[in-house]
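Only one structure is covered here, and it is reproduced in the block below.
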Ligand SMILES: *Cc1c(COP(=O)(O)O)cnc(C)c1O
């Protein structure tokens with residue numbers, strides 16, 4: 001077979017399976033209204049949990065930041081590290097209650113960079129089966145032995161801990177990206193303590209939206225009452241609640257010094273554009289001084305669950321801004337998403353391999369930028385779309 005035929009055949013197979021993915025082109029970032037194919041949709045699909053992606057002050061700060069230069073022009077260790085990056089790292093350290101932080105260009109790179117720098121041949125990485133792909137990929141690339149435990153199952157984690165050798169890194173998502181449930185971090189930290197394992201928590205969906213009284217933006221580990229020593233490696237992204245792009249690892253000064261030396265995706269890539277750093281810094285400042293955004297979001301989560309529960313929709317036990325409805329089949333979920341789009345709503349349809357086979361779902365995400373009325377309208381559209389798809393199935 002020629003190169004072309006090979007690709008063609010694989011793509012055709014992907015279509016047959018209902019797994020073919022298409023890029024949707026939007027006219028602007030949803031905030032939360034989105035322009036798609038000339039029509040206006042209310043987006044319940046972004047990770048912009050606090051509505052900061054389209055905040056005028058953030059955009060203005062990012063525009064001013066572009067005055068520092070369109071690009072960083074080199075890696076951070078050469079000449080791509082500016083004062084604005086330093087200020088952003090300091091703000092992240094302050095918000096997470098850590099000594100220091102290091103910015104990466106993306107969360108995918110931060111996870112790969114941290115895991116590969118911390119463990120290698122002879123060591124063990126243990127992670128939850130539902131961890132984000134970047135952690136799974138990082139473990140494979142590290143050369144360490146890679147073990148997984150059943151989702152949030154502490155007996156399964158303990159079994160893997162007792163099989164591990166070398167330095168042991170336990171890595172989990174604090175909030176699972178496709179399910180919205182929180183990891184049982186207090187139990188995980190206790191087991192890590194008992195086995196001398198290092199705990200790394202990915203706060204992609206916790207940073208900015210949950211935390212403790214003292215550190216209300218720090219994420220799910222702070223919300224679970226864990227001290228910095230219990231979670232020595234805290235990873236978070238700037239593309240979710242911060243509404244921008246990039247990511248960080250926060251921890252002790254020594255960890256940050258170590259990653260600066262050994263995290264290859266930090267060392268061998270061009271620095272974060274200064275404008276992005278400026279926009280992120282502005283977003284974090286708003287996050288810090290406007291707790292009402294988090295409060296409104298928490299209120300909407302409760303509101304959505306009450307109303308959806310009353311309609312007998314298949315809710316999960318998520319308490320976060322991620323509220324999936326598990327549909328099952330790939331084609332059924334695509335039909336539902338299309339029905340919602342016809343009715344003016346943009347909702348993510350998530351299929352394998354992103355989620356396990358048979359658990360295709362609508363991934364509804366809530367934002368502080370939504371209103372109760374928009375949630376009511378979404379639920380109405382969902383009920384209608386479900387009724388349509390039942391008719392089609394018959
Ligand atoms: C989005 C996400 C990442 C990747 O972050 P990017 O900055 O988008 O590359 C990593 N971990 C989790 C849990 C995520 O949801």
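Cβ atoms are placed via backbone N, Cα and C, with glycine included.
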Of the candidates 316, 354, 359, which does TrEMBL annotate as part of the substrate site that also includes 21, 132?
354
Listed binding-site residues with Cβ under 6 Å from ligand 1, out of 21, 108, 354:
108
Rank the binding-site residues 177, 237, 354 by the number of other Cβ atoms within 10 Å of each Cβ and report the first-ranked residue.
237
Cα-Cα distance linking residue 354 (substrate binding site) and residue 237 (pyridoxal 5'-phosphate binding site), given in Å to the nearest integer:
19
Where among the recorded positions 21, 132, 240 do you find the Cβ with the fewest other Cβ atoms within 10 Å?
21
